[in-house]
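A quick write-up on the structure given underneath.
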Amino acid sequence: MLTKILTEDFELKISKNLCCAGKFDGKNLSIIFVSPGGKVYKYSPFLKGSENEFIELIDMEQEVISITCNQLDPSIDRDLLIIGTKNKLLLYDVEKNSDLFYQEISDEISTIISGYLCDSESPYILAGENCLVQGFDYHGDEVYWITTGDKVTNFAIEMDKKKNPILYVSSEDSYLRCFKNDQLIQEIPEQGLITNLCSLGHNTISYSMENGEIGVYSDYQKKWSVKTKYTVNSLIYPKNVINGLCIGYNNGLIELRDIDNGKLLFSNTGITNTIINDSPVAGFIYGDFTNNEEYSLIELTTDGKIIIYKKSLNYDHSIDYQNKIYELTKKKQDLLLEHKTLKERSLTISSNADILSKESILDSFVEIQINQEILDDKFLNGQIVLIVVPKENVTIDVINVSSIVLFEDNTFTIFPKVSKMQPPFHVPINFVHEIKGEISIKLLCQIRTKEGNINRVYDKKLEIPEFIMFKTVKNMDMDGVSNLKFTLNCKILDVVKWMKNNFLIKKKEDLTETFSSIRGNFIYLPDGSKISITAQISDDSLISVTIFTENLEIAGRCFQHLISVTDPSDINVVLRNFPTEKQKLIDILSNIEDFNVNRMKLSTEIATLSDQLVRFFILAEDSKEINDIQNLRKGYYAINNLNHDIFLEYSKRSSNHEQLVNALKDVNKIIHKAANLRYGKEKTAIISEAREAIKNNTISVLTNLLFD
């Protein structure tokens, strides 16, 4: 399927995912890659044999975080190179060997990409930073700005069915967010850190995760996912070479998988099942490097090799025999198990029992339920517990609980005998994301019957509501005065249905319900926060909803979910009263001001000490020239002390900067939480207005803007 045709060894290290290919002269493709020291190199296959085939372009003299290229300037018919370092963004003209702009970034850059957004006439340069994305044009002017929940890790740009650009942004909080222009249209939770994103076309993207999982999303829905035991270093879709997702691993393994179902199409292990090239993959590039419409896939390894692949015309499918044998063996085992099950299906506890359905058989052997338990009566925090109660003639050997998105590793297993657990079994469940989902419970049971003991595996699925972590309480005294009040143009039955379907309501008495109103009191188990939701019909026939809670995030979650489910024709927010959060924001902004003052003070002190260091060094060198040993010793002693002082001041500055970044993250989180108390365009607008208030250092404007 892929044939290696050429290998070049440049005998230098190549940094992971720091490579790209572009027509920097407007005609021919060249490869750009970066070494760990920050040196940028260009390899031009079309110049083979000449002295310009492989050259060093530029030495950044600092760590390069990300690179990409694109034809940014409509007046220049060639690609321009974009280089992102920790706090700098450089647009570089490779052909003219000149900088077009050198942009200072106030926050740390984590990744960059270039593409069309917001019906732009030319591609934007997007820089992912701490909790935000900044976009620039080819002049270096800021043209785009959005915020995210955490530090950005990766980008991908796709087109929806109406040919509108969609920006996919992954972040360290394990969410994949989708933006149309500057509006958030979808939030997709994952079980871990997303390390790579790759555009596949038709609003479809592939992803890889830190835990080795690979998968594909299409129209915001997961099509498939597989888990590997290796770390994924790079993803690419070389559609003009082969129609498949190409995956490069940290152990040199290369795989091709079908985009539709994830089926393995090719790997470089061959029939020996051993990896041919054990050098970690640094990245992939593909393109027409010969200008004759013959596309090639190029692999770059971390030890400096560039390997060129082309599609095999006469592919020997016998190398896939191991995969076929595995599939057929698995199918055989499934058929044998099905045959055995059909043969024994009439066997139940009673010899005279009727043949029961699969679900009924499980219920007759084992009772399973979800409970919410309070762990600390003082702080009211708790957890979700799965309770498994076997009947007298049933012994449970294994309990396996799995879910696609709710658990960190998709599944966990408990062995009651090994753990010396006694029935009923209490299994704590830790959810990574608090979203609606489904858990699958598999039990390996030993059933004692008149004919003997039989081992059976039973499967049961349980629906988990959106607000599973909210435990209902009958009577609750609310502390504080924080609340969100709004009106909806919908039916009271819509709110009742929302509350019953999305909270764990076990008894009718858990909610206070009348003909014209409903009230629910809850404890939020992770931190013990109290929340009360009341809905009633107002005089103007609208539904008046009030959410009492000191937890701003909870209020926003409930508000956003309620309006998304009920979809009212009109929404009017009457009051957003959160004095505790408002004071918290004021305190954080005051701390940020102090951190900025300290930053300037520490920078000045370091500069002063550096000047003194230079002066003493010159004096010491002069003493050396005239053989004045006594003053030479004094000079170097002073240099040593100054060097120590500079190190201490730098440590203080580094600590101050870390505190400043954390404070800015806290401000961003509060802004996001407050934005969730709004809907539609107002939600997007409030973030932009808050940013302007922060720029102008108007604390009162910002606090009144968020909490009116």
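Positions of Cβ are set from backbone N, Cα and C atoms, glycine also.
Straight from TrEMBL, the features:
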DOMAIN    21-115  domain 'Ciliary BBSome complex subunit 2 N-terminal'
DOMAIN    157-257  domain 'Ciliary BBSome complex subunit 2 middle region'
DOMAIN    482-564  domain 'BBS2 platform'
DOMAIN    579-676  domain 'BBS2 hairpin'
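Simply put, out of 21-115, 482-564, 579-676, 21-115 has the most Cβ pairs sitting under 8 Å from the domain 'Ciliary BBSome complex subunit 2 middle region' (157-257). With helix defined as DSSP H, G or I and strand as E or B, the domain 'BBS2 hairpin' (579-676) counts 94 helix, 0 strand, 4 coil. Per DSSP, the domain 'Ciliary BBSome complex subunit 2 middle region' (157-257) is made up of 0 helix, 62 strand, 39 coil.
Here the domain 'BBS2 platform' (482-564) is broken down by DSSP into helix, strand and coil counts: 27 helix, 33 strand, 23 coil. Secondary structure counts, DSSP: the domain 'Ciliary BBSome complex subunit 2 N-terminal' (21-115) has 3 helix, 49 strand, 43 coil. The average pLDDT for the domain 'BBS2 platform' (482-564) in the predicted structure is 91.
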